[in-house]
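If you check Swiss-Prot, you get these features:
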COMPBIAS  1-22  compositional bias 'Low complexity'
COMPBIAS  330-345  compositional bias 'Basic and acidic residues'
COMPBIAS  357-371  compositional bias 'Basic and acidic residues'
COMPBIAS  385-418  compositional bias 'Basic and acidic residues'
COMPBIAS  440-453  compositional bias 'Low complexity'
COMPBIAS  510-528  compositional bias 'Low complexity'
DOMAIN    531-644  domain 'Calponin-homology (CH)'
MOD_RES   Ser279  phosphoserine
MOD_RES   Ser281  phosphoserine
MOD_RES   Ser304  phosphoserine
MOD_RES   Ser307  phosphoserine
MOD_RES   Ser309  phosphoserine
MOD_RES   Ser313  phosphoserine
MOD_RES   Ser432  phosphoserine
MOD_RES   Ser511  phosphoserine
MOD_RES   Ser513  phosphoserine
MOD_RES   Ser517  phosphoserine
MOD_RES   Ser521  phosphoserine
MOD_RES   Ser586  phosphoserine
REPEAT    159-181  repeat 'LRR 6'
Amino acid sequence: MAAAVAGPLAAGGEEAAASVSLPGSPGLPGSRSAERALEEAVATGTLNLSNRRLKHFPRGAARSYDLSDITQADLSRNRFPEVPEAACQLVSLEGLSLYHNCLKCLNPALGNLTALTYLNLSRNQLSSLPPYICQLPLRVLIISNNKLGALPPDISTLGSLRQLDVSSNELQSLPVELCSLRSLRDLNVRRNQLSTLPDELGDLPLVRLDFSCNRISRIPVSFCRLRHLQVVLLDSNPLQSPPAQICLKGKLHIFKYLTMEAGRRGAALGDLVPSRPPSFSPCPAEDLFPGRRYDGGLDSGFHSVDSGSKRWSGNESTDDFSELSFRISELARDPRGPRQPREDGAGDGDLEQIDFIDSHVPGEDEDRSAAEEQLPSELSLVAGDVEKPSSSRREEPAGEERRRPDTLQLWQERERKQQQQSGGWGSPRKDSVLKRGIRAAGAGASAPSTQATCNGPPKSSTTQLGVSGGQGAPTPPPTSQDPLPVSGPVTAPVPRPLGSIQRPNSFLFRSSSQSGSSPSSPESVLRPRPFPQEKELISQLRQVLESRLQQPLPEDLAEALANGVLLCQLANQLRPRSVPFIHVPSPAVPKLSALKSRKNVESFLEACRKMGVPEADLCSPSDLLRGTAQGLQTVLEAVILVGGKAPLPVQPSSGLGGFLLFYVVFMLLLYVVYTRLLGS
């Protein structure tokens, strides 16, 4: 092997490094510095000949060294007009950097490097990418700052490619074959002449995408399927869809817009989800590129090369070739271990992140935490102590946890106890709704074999779907005095879908229900029917608000008032500038968050205090957010006290009928007396 490597080195030509000095050591001959670099290469397996202004490989100095075990070679910042033949004979080479040379074409002998996983050809003068480069087992290919006019169709054969950087070239379009690279995580096409992006890019498992400084006017709607994307750079483009004001807000709003646009065009989101790639193990960005920051910053400006050409050197992400640059090849030798399976058996491909606003956003986490302040910190059960859920169960997302059948009964029980303790208007109604929902859920189920006792250990219960004749009596419905039975740790019979069960009026169940059985809003299905007195109160309040605000109100008045926008407008109509700031929905985000809704409601209550509404007549912000009768009564009393144009809801008096009868008889007598006086 040593002879095979030393042969090309001694094939002829002059030794260019004989009179070159090592940077920082002006008195050291070039041959001595090259010899020292070769000695270190034999000892470490890494050949570093960077920044030496070499035009030819030092063949004479390499004649006496065995370079067959070299795995990394750094030939950057030199003046090589072509790839050295000696470098193409290092068959064990895994990483090769030819950054910042004068290459105008590539040596076909590069196809001999069958172990090469990293290739850096940036900042050269290449006008095309030969097909034999696409036959290498590359994981990282960097060819930025060249003169490429197109990518070859053979690029689809790079099945192991994870990072592709073709920035600062002359590309006018991307081939469709690029979208078949199922391992691609990082795609950089910055500073080209692209006018469109392929729709098929939405099927790639990209973690980072940079298409800034191009001519792109429309982002494909299919990009909403990029569920692993963490960084997207799209500045300096004449974007029209999404609009500029949405793009300035960040990635989350962009993907929200794309999802809504897909719905408007008739391509339902459910039709887009099956076309996503199958479940795979995504590679985090910190594993691929440790220590890197995707800040997209520019350097000081133009940079000149030996050929005299000048090109802009912006966004050069891999200018320096160091030990960290070969991390990809290390990952190839030491792959990551298998991922731990989920306890509930769900795979990665089963969880579809449809709404990008709901996850990985610190600001939204604050909204969610503020809304959850209304809930008790622990769940309390009536039928004795029950084991708490496991730690892995607590780590699951709140929305997924509430959808699970085994915890639905716990949430219902907690809601029922909370309503009993609050003593608010409508609590008995919610209890009855709860019990009817559970009774309907267990209509087709037989009695459980065992029940948990108050003092004994919890026992598991089995549920049989369907009723077999003569085997086991059906479970009697719970009465209003008895608590709901809890059997086992957290098990409950669920023979019907969760959407068919009426649940109490709580924001927990509003957020967890994504679709209802009727075309109306899901919240309208979950809200219990009001009492007759509450109906009369809602009707009277609707008339007052419509006359005050001069606009029609939706049918679900309590839900319309829950975000506090109409309440703040009403306060400003009663007394101008009583609420100086109102949070209103935007076209991109049509529904206010829980935190903003609560701020609106608190501003309305504060305005009521300033207008003279007694503190005893005011309700809590949670009453208005939940749309209870006490909250509606507060709104009506504020209008009556300040506006004075609406009567208070009074019960019909028992003596009203007698007074009317007396009045009619008295007027009749007066009429008779008057007629007789006129007749006489």
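Glycine too: its Cβ is placed from the backbone N, Cα and C atoms.
Just so it is clear, the model here is predicted, and its values are computed rather than measured.
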Which residue counts does DSSP give the domain 'Calponin-homology (CH)' (531-644) for helix, strand and coil?
75 helix, 0 strand, 39 coil
For the repeat 'LRR 6' (159-181), what does DSSP give as the number of helix, strand and coil residues?
5 helix, 3 strand, 15 coil
Restricting to the domain 'Calponin-homology (CH)' (531-644), what is the model's mean pLDDT?
82
Counting only residues 6+ apart in the same chain, whose Cβ is under 8 Å from the Cβ of Ser586 (phosphoserine)?
none
